[in-house]
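In what follows, a structure is listed as structure tokens, so that the remarks can point back to it.
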Amino acid sequence: MSQQVIIFDTTLRDGEQALQASLSVKEKLQIALALERMGVDIMEVGFPVSSPGDFESVRTIAQQVKNSRVCALARCVDKDIDVAAEALRIAEAFRIHVFLATSTLHIESKLKRSFDDVLAMAVHSVKRARNYTDDVEFSCEDAGRTPIDNLCRVVEAAITAGATTINIPDTVGYTTPYQFGGIITDLYERVPNIDKAIISVHCHDDLGMSVANSITAVQAGARQVEGTINGLGERAGNCSLEEVIMAIKVRHEMLGVHTNINHQEIYRTSQLVSKICNMPIPGNKAIVGSNAFAHSSGIHQDGVLKNRENYEIMTPESIGLKEVQLNLTSRSGRAAVKHRMEEMGYQDKDYNLDSLYDAFLKLADKKGQVFDYDLEALAFINKQQEEPEYYRLDYFSVQSGSSVMATASVKLVCGEEIKSEAATGNGPVDAVYQAINRITDYPIELVKYQLSAKGQGKDALGQVDIVVDHKGRRFHGVGLATDIVESSAKALVHVLNNIWRAHQVEKEKQRLQQNNQEMV
């Protein structure tokens, strides 16, 4: 029977340290409840002595969260421990996590103490924390650079004092998997009372090895892994919990352990953390990145369509995503194009695959990714691989300031005529969008707005990528200009042209259907 690896989440403590602005109590509670749904065993939610705001956050979460154990951090200082206990006492059960540097470098240059002093401080603090709870974790800060003899001594002393979890952090991400696994093995072999506590690991990603170090530690006997959602954390970040969790699930036959995580909540939790923390997830991020389950190569797409296991070691559904994503690009094959048309409900008799694929390749070479509405337009109304511009931005002006509501005037070329409108909004971009929407009158909802810089200095361009929802369907648009408001307006106009084209497709399909009925 496999053993459980306890998942200890520190997104709201160690992860928050990476953010430019502190999270509100409400935002922290949102994340805590999401972590609870996901099934984390322990959540470290703050450092109560650090500020009144952190104290209030810890107390609020301790009151609201019922199915995960709430934990707070404290230095090996009496006041820290007492304040942590006060913040947590409203919870039915809680953990106090005390930490103290143990490496020679930290002891001499930071603490300016002797190792014997550190040993005594660790024992005293663990005992003090045990006065409040029987769940006490002790962390040997910078354990990765602590001499193994000293590490064994402090671990043994902390367990004797009452620590039920011993955490071995690679605080600066210095160790390699072979080295870190060796540290855990040495502890099991040399600490006589090691069986009285759970060994935990907390790895940072400075050399990009936090997940590998954590998995190696599990193989060596560690039974708790600490980390954050999306790898949030200081410097290069923490061990990415979703990666460790899925590695344990996917490689269960090798690791022989399991977690109690609800895997289908992983993606939703990741997206929530990204949104609240304003930390975008890189597209190539393992498990939760937008490309993690995307296939662009024609060979890969064909292989996935024949058997998903050809190129997928886990399913998107296993983390809460709905389906495989086949990105249609110039590298896509005929099978992928045909599959996408079938998914949209078209049969072979509805279009000519040869001519569609030829037109698709030419369009993909020009624009990169081709979307569903592009395919339909190529199949039914536009064989020239050009995106027709029914709408074109002719002119816009904006007035805004700190004490006035933003107002925009817009002129839009609509086919053969020019229409103009004015509107107010919550900022200049919103005002321009409101004015354009008054002209076109399409029911749309902005789903995504992303601004990125192209180039540097005064010649830099602002690229705006947006996604809107129109009658349950997603449409994409891109705008590029030196002025952010202008690039935003161009992106929306691009979207509107895509929507207009989709409407033309529907009209053409209706016309063809009517002609077929008349022929019958």
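Note that Cβ sites are derived from N, Cα and C of the backbone, with glycine treated the same way.
Around His202 (Mn(2+) binding site), the C-beta neighbours below 8 angstroms that are at least 6 residues distant in the chain are Phe8, Thr10, Ser139, Asn167, Ile168, Pro169, Asp170, Thr171, Glu226, Gly227, Asn238, Cys239. Marked as Mn(2+) binding site by Swiss-Prot: Asp14, His202, His204, Asn238.
What Swiss-Prot records for 5-267 is domain 'Pyruvate carboxyltransferase'. Residues belonging to the domain 'Pyruvate carboxyltransferase' (5-267) score a mean pLDDT of 97 in the model.
Residues annotated as region 'Regulatory domain' in Swiss-Prot: 392-520. Residue counts of the region 'Regulatory domain' (392-520) by helix, strand and coil are 52 helix, 55 strand, 22 coil (DSSP-based).
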Please list residues from the chain of Asp14 (Mn(2+) binding site) whose Cβ is under 8 angstroms from its Cβ, counting only those at least six apart in sequence.
Glu44, Thr228, Leu232, Gly233, Glu234, Asn238
Within its own chain, what residues at least 6 apart in sequence put their Cβ under 8 Å from the Cβ of His204 (Mn(2+) binding site), listed in sequence order?
Pro169, Asp170, Thr171, Val172, Gly173, Ser210, Gly233, Glu234, Arg235, Ala236, Gly237, Asn238, Cys239
